[in-house]
Amino acid sequence: MKELKIDEIIRLNRNMYMYLKCGYNLPKVLEMMINRKLCKGRTLKAVKSIKANMDKGYSMGESFEKSLYFPQYVIQLIKIGEESGQLCSVLKSLVEYYEEKKKRNKSLWATLAYPLFVVVLGILLFLGVVLYFAPMMNNSLSSCNIDNNKYMNSLLTINQWIRKYWRYVISVIMFIFFIFIVCYFKFKRGLYFIMNKVLLVKWVYHSVCSMKYTYFMYVLLDNGVHINNCLEIMMKNEKDSILKHKILRGLKYIKSGEPFHRALSSMEIFPCIAIDIICVGEDTAQLEQSLYNSYKIQKDRFNESFKKAINILQPALIILLGIMIFFLIYSVMCPVMESMGNLK
């Protein structure tokens with residue numbers, strides 16, 4: 001069954017937090033959310049499923065898990081909050097985490113929208129010139145007995161190649177897209193391998209995972225979970241087999257008596273600044289606060305680095321598009337200008 005979307009998880013957890021904060025017990029909260037229609041669609045089905053499971057005698061964490069609507073991250077934190085008696089605090093942390101995740105995703109797509117638009121525009125412009133404008137100009141120049149230059153001939157060669165092999169090109173693109181979809185939904189090991197090995201993709205992927213793990217550990221420790229159990233829960237929730245192996249390595253470090261910051265360093269996921277902050281927090285018995293501070297700093301540095309990369313990419317794409325337009329115009333106009341010079 002498909003999990004709830006981020007917006008649905010935020011709304012559900014926020015409503016539950018507000019009711020519980022006002023002193024209502026959990027069964028009453030679920031009943032009120034159903035009767036007052038505070039949830040709709042799949043969220044309402046999830047609430048009804050949770051209530052039905054709790055009526056059968058299951059705990060809240062087990063009810064969340066059996067509903068199949070929630071990611072393991074939410075389920076584990078709900079179980080911890082229920083066992084520690086700090087369910088309100090956990091629900092609030094979940095709302096804050098998913099709101100931050102939603103904001104980060106929105107910012108990511110908003111930042112990528114312009115470069116993607118420029119790339120798509122450049123491709124469409126190139127295809128339009130090669131497939132339609134270049135042949136039209138070639139016919140006009142031929143009717144005037146004007147010879148093409150090498151640039152125009154190159155465009156015409158590309159035109160002939162595309163018209164001859166366009167079926168194969170589309171087939172290859174569709175095949176690559178199909179392989180990507182299959183890898184994403186069925187064989188994720190290959191996708192995880194790419195995300196952990198390709199340089200730029202690896203940096204983005206590990207940065208996001210580092211922020212997620214840091215905040216996750218902060219919530220767990222803040223609710224009284226032991227450090228060993230933190231990494232065990234992280235390993236259980238992680239679907240990426242490569243990252244799971246790295247978390248297992250860190251867990252072995254802790255069990256062998258190594259400090260917490262060295263265990264995290266051995267995982268090769270967290271940046272140096274995060275390790276340094278956690279090391280100071282460990283030495284000063286402020287580990288929970290240091291994890292939260294580390295998360296905030298990582299988030300700020302990631303946003304800043306990402307914006308810098310996009311600020312460099314945007315003018316580079318514009319310059320590249322300008323060069324391409326100049327080349328296309330030059331390819332078409334050069335024969336005309338040469339012919340006018342010969343007439344004079």
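Cβ atoms are placed via backbone N, Cα and C, with glycine included.
Remember, it's a predicted structure, so these values are computed and weren't measured experimentally.
Taken from TrEMBL, the feature domain 'Type II secretion system protein GspF' applies to 14-135, 216-335. Taken from TrEMBL, the feature transmembrane segment applies to 108-133, 165-187, 309-333.
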Cβ contacts under 8 Å made by the transmembrane segment (309-333) with residues that lie 6+ beyond its boundaries:
111-112, 114-115, 118-119, 121-122, 125-126, 129, 133-134, 137, 149, 151-152, 154-155
Which numbers of helix, strand and coil residues does DSSP report for the domain 'Type II secretion system protein GspF' (216-335)?
101 helix, 0 strand, 19 coil
When DSSP states are grouped into helix, strand and coil, how many residues of the domain 'Type II secretion system protein GspF' (14-135) land in each?
103 helix, 0 strand, 19 coil
